[in-house]
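Residues or ranges marked as GTP binding site in Swiss-Prot (evidence: sequence analysis): 11-18, 58-62, 120-123. Feature annotation from Swiss-Prot assigns domain 'Era-type G' to 3-170; the stated evidence is sequence analysis. Swiss-Prot lists 201-279 with the feature domain 'KH type-2', giving sequence analysis as the kind of evidence. Residues or ranges marked as region 'G1' in Swiss-Prot: 11-18. Here Swiss-Prot flags 37-41 as region 'G2', drawing on sequence analysis. The region 'G3' annotation in Swiss-Prot covers 58-61. Taken from Swiss-Prot, the feature region 'G4' covers 120-123, and the record attributes it to sequence analysis.
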Amino acid sequence: MFKSGFVAILGRPNVGKSTFLNHVMGQKIAIMSDKAQTTRNKIMGIYTTETEQIVFIDTPGIHKPKTALGDFMVESAYSTLREVETVLFMVPADEKRGKGDDMIIERLKAARIPVILVINKIDKVHPDQLLEQIDDFRSQMDFKEIVPISALQGNNVETLVQLLKDNLEEGFQYFPEDQITDHPERFLVSEMVREKVLHLTQQEVPHSVAVVVDSMKRDEVTDKVHIRVTIMVERDSQKGIIIGKQGAMLKKIGKLARRDIELMLGDKVYLETWVKVKKNWRDKKLDLADFGYNKKEY
């Protein structure tokens, strides 16, 4: 008997949702950084064994939006509640329950689907503090299970996955066993470039960046995959930061991104990077759609 199911990973920004998904999948599906709101789109991670398939949906961190992009991200996250049988509500062990958590809990109660509370980053707290966190959240909602983990170190992750397997119902194998995500290679390439921008820049720059893959094709002469990407920013000053002195920052972004893209594609890559200014794109719906933040997602 084959069993399958869809599982959403929900929570505030920076609680470790993407780290968890990447650990379960055994490779990078979702980009990671220490910046809030790193994940902007829903990312599917397809975990398949001989007898089960769990389709994880990693979601943007739920926050109080200040732009049209923020609205898109939050609605995209909540839309998964219509698509899944189980929700993993992830919270950090080293932060007390806040208004953001309470807001999510109210939406989860209204959704009327099983919710597993996942308390991440247990490696950062004393066991007594963890017990306080468990008691506090337990008083707010009737969770199906409460599972403390460390997604970074892998502590208890297998236990959580086994719990999900045990609760799967008989179902179809929705995706081939060798497919690990629903996103095309172009999307993954753009995300890998954006990840390097997030790692290398500060303040408002990371949040103001979108990456568009203009072209991606094999060069018959060099036998490399030739990729041209454009990094979009909102202001000229941000463009200057991305390019850097004598182009040094842009070269660094390109070098680090190319390495990851080559690992993903298993191929040699020539990566061409450009930077353009598109003023206030985060509040323009047409620009959002052009850059891959489309309402079709929800």
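Indices start at 1 and increase along the chain as displayed.
Quick reminder: no glycine exception, Cβ is built from N, Cα and C everywhere.
Its own atom aside, the Cβ of ILE122 (GTP binding site) has 22 Cβ atoms within 10 angstroms in the protein chains shown.
Summarised as a single figure, the pLDDT of the region 'G3' (58-61) averages 92. In three-state terms derived from DSSP, GLY11 (GTP binding site) belongs to an extended strand segment. Under DSSP, THR59 (GTP binding site) is assigned to coil, being neither helix nor strand in the three-state scheme.
GLY11 (GTP binding site) is surrounded by 24 other CB atoms, counting those within 10 A of its CB over all protein chains shown.
When the binding-site residues ASN14, THR59 are scored by other C-beta atoms within 10 Å, THR59 scores highest. Secondary structure at ILE122 (GTP binding site), as computed by DSSP, is helix. For the binding-site residues given as LYS17, ILE62, the lowest number of other CB atoms within 10 Å of the residue's CB is seen at ILE62. For the domain 'KH type-2' (201-279), the DSSP counts in helix, strand and coil order read 32 helix, 27 strand, 20 coil.
LYS17 (GTP binding site) falls within a helical segment according to DSSP.
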